[in-house]
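Worksheet: the structure to be examined is printed underneath.
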C-alpha cells in the first residue's frame, strides 16, 4: 500500500465518518442536508491530483452504499451521480480559477451541479419527470447549506491540524487491521434472484405481498429496518402523482386531484422501489467481495472507517475537536487496540432466507400468470 | 451559523488575499442564481395541463402529455375520447347528430367540448394560458 493509496482510503473513510455524523444532527426538514461528507473533498481539493481525487469520489459513493446497505439499489445511482458530478465540478472550478476562487465558491458550484444531476438521475430511475417540481426548493436550500459548508471548510483548513497535514503531505498513515468477512455465495445468488422476481412482479397486491416478504428477508439477514425513509418515499411519490392525473377522480382540491390510475401507479412504483431497497440490504448482508485493487482500497477504506468511528466514540470535546482527534489517532494508528473489530452478529438463518426468496419468486411468477 | 460568525472575523478578516477570491466566488454565485431562476420559471410553466372528463357517473382526469383512448359511460351508451399530441377530442358518441365528434380537438386552458345528449363534458385545466379559445356548444 503506497502512501497515496492510504491517503485515498483515509480521506474516503473520513467522508464516511462525517456522513454518519450528519445522521446525528437534528434537522428541521428531513431532506435538508448540510453535506458534511463533502468537507474532506473541499479540503483536499487543492492538494490532490485528478486521478486519486476521482478514486476518493468513487470510494465515498461505494462506501456510503456499503455502510447504509443501499449499494445495490437505485439510491446508489442517485448518490453516485451527485458525488461524481459535484466532485468534478469543484475540482474543475479550482483548476480553472485557481487562487481566484475560494472553497465557498467551489462548494456552491459543487452542490448546485450535484443537485441537478441527482434530480435528473432520480427522474430516470425512480420518480419520473414530475420530480423537477422539487427542483427550485432543493437547489435554493442546497445553495444555502453549501455556502455554510464552504465557510466551514475554509475555517477548518486554517484551524484544524489534520487537514493542513493532509494537504501538505506531511501526514504519514498507518495501515489499520482489516477485518476479514466471509462472503455467503448462496445468499448473494438468492438476493439477486429476489431482485429479478421483484422486477418481474405485476400488480399492486402482488407487490404489497412481496414488499412484506422482502422486509422479512431483510430482518432475517440481520439488517436494521428503518421506518421513516420508506414512509417518506411513499409520501413523496403520492404527492408527485398529483401532477400526473390518470383516471377516475377520487378527491380533488382546486386544480389538484388524486386519481385512481395515478395512485395505483405511484403505489406500485413505491412498493417496487422499497422491495428493491430491502433486496439491496439483504445483498449487503451476504458480504459480497470486490476483487482486485479497487476491492483492496475499499477494504482499507472500511477499515479506516471502523477505526475512525471507534476513536471518535472515545474522544471528548466539541464535535470539531473530536473529529480532529479521531483523525489524528487513526492516522497514527494508536489510541486503539490493533485487533480488528469483532463482529457480534447473529448468524443468518440460511434455510429461512432461501425459503423467503423462494416465496417471493413464486408470488412474482404467479402474478405473471394471473395478470 | 453562529459558530461561523464568531470565527469569521478571527480567521478570515485579517487575510487581505481573501479579496482575490471574491470575483470567482461572485461569478459562481451569480451563475447559480441565474440557473435557479431559469429552472424555476421552466418548472412553473411546464406541464401541458390535463383534460377533465365529466360524465353522469364520475369525473376523470388525464394528463395531456400521454396519448390514450378513454371510454366513459353515459345514459345513451359509451363515449370515446381520444387524447393525442397534447389535444383531446371526442372520437365517437352515441348521440343522434354526432356533432360533438366534429369539434376541433382542445388543448388550451378553459376550452371545452360537450356531448349534451350523453351528458359528457371535456374541459382542459391547468395548461399555460396561451390563447384561450371558446368552442361552440355541441349537442
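Placed from the backbone N, Cα and C atoms, the Cβ positions cover glycine too.
Since the structure is predicted, the reported quantities are computational estimates derived from the model, not experimental observations.
Counting residues 6+ beyond its ends, the transmembrane segment (A:40-59) has Cβ neighbours under 8 Å at 4, 7-9, 11-12, 14-15, 18, 83-84, 87-88, 90-91, 94, 103, 106-107, 110, 149-150, 153, 156-157, 163, 166-169, 294, 297-298, 301 in the same chain. Taken from TrEMBL, the feature transmembrane segment applies to A:40-59 (among others).
The transmembrane segment annotation in TrEMBL covers A:71-90 (among others).
Residues annotated as transmembrane segment in TrEMBL: A:96-119 (among others).
Within its own chain, the transmembrane segment (A:131-153) has Cβ neighbours under 8 Å at 29, 31-36, 38-39, 42-43, 102-108, 110-112, 114-116, 119, 122-123, 240, 243, counting only residues six or more beyond its boundaries. Annotation source TrEMBL lists transmembrane segment at A:131-153 (among others).
Sequence annotations record features per position, and here TrEMBL assigns transmembrane segment to A:187-215 (among others).
Taken from TrEMBL, the feature transmembrane segment covers A:227-243 (among others).
Tertiary proximity for the transmembrane segment (A:249-267) is limited to same-chain residues at least six positions away from its ends with a CB under 8 Å from its CB atoms, namely 204, 234, 237-238, 240-243. The annotation transmembrane segment is assigned in TrEMBL to A:249-267 (among others).
Look at TrEMBL and you will find A:348-370 (among others) tagged as transmembrane segment.
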